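Take a look at the structure set out below.
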Amino acid sequence: MSQDCNHDCQSCQEDCQERSFLAPMNKDSHIKKVIGVVSGKGGVGKSSITSLLAVLKQRQGYQCAILDGDITGPSIAKTFGVEGTQIYSNGESIIPAKSLEGIRIMSTNLLLNDSEEPVVWRGPILAGMIKQFWSDVQWGDVDYMFVDMPPGTGDVPLTIFQSLPLDGIVIVTSPQELVSMIVSKAVNMARTMNIPILGIVENMSYVQCPDCEKKIFVFGKSHLQDVAKKYDLHILGQLPLDSELTQLSDMGMIENYSSKWLDAFEKEIEFF
Ligand code: ADP
């Protein structure tokens, strides 16, 4: 692999081992930037941050897409209120669903008859599914594709790292994760694969009093600064627990969410 590898095999002449792992892009997809969103474990808000990243960039006029790679815990379709009836095949490729604001979405629960049905597939099938979401879906012209990665640093996330031409990743953590080894594993995985880490987000960091706006750090003092310094990571945000975000996500209306902290977060991701 070239020292300057940007994982864009189409523009590179080098014959390297990395090339064989990359899944081919659908002939009718033109995707400018692919950003993976990772976390050490489930439940820290990885899918919520993936959704908000797409919402923010779409609001700025970019064409965005979300590939829901969290095959066993898919939540993106529900968060945007899209359903399986919205996807179809044109005989050659799958046409993804579109949110109200036009974000293209592909997720396993758009393919299941019952979206509550648990997905109990083994690793190679999970990884194969994500590659198919990349290769068999006609994404069209996309400025930013956000990939909601499977949680952890096991076999499936590793395969995705190798299969998709990721331009960078965002690490999502919770205050509790920051005191464990989980962040270092995600950092090591990305650095071993030569994928730039765009930054780290601490989600569910605090709650804010609706009356006096005081921030209450329910999990104690944050370790974000220390961890960012230790691994040389850019801090993208320290985001609060906000019940309005949960409610809008549950109603499939995350695109309606706005808040002061989201405005600040939007500025932090301008360089993407
Ligand atoms: P993950 O993808 O890491 O498993 P999710 O994004 O699905 O996590 O979040 C788990 C739950 O927590 C969801 O119900 C989501 O709406 C909620 N949630 C995530 N982040 C926040 C937040 N900052 N404030 C309030 N609820 C949140």
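Glycine is no exception: its Cβ is also placed from the backbone N, Cα and C atoms.
TrEMBL labels come from automatic prediction, so no person has curated them.
Record features (TrEMBL):
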BINDING   G40, K41, G42, G43, V44, G45, K46, S47  ATP binding site
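In the three-state DSSP reading, S47 (ATP binding site) counts as helix. Under 6 Å, Cβ to nearest atom of ligand 1: this is the test, and of the binding-site residues G40, K41, V44 it is passed by V44. Highest Cβ count within 10 Å among the binding-site residues K41, K46: K46.
Cβ neighbour density within 10 Å is lowest for G42 among the binding-site residues G40, G42, V44. Within 8 Å of the centroid defined by the CB atoms of G40, K41, G42, G43, V44, G45, K46, S47, the record's ATP site, lie the Cβ atoms of S39, P151, V172, S174, excluding the listed residues themselves. In this view, G43 (ATP binding site) is surrounded by 12 other Cβ atoms within 10 Å of its Cβ, with every protein chain counted.
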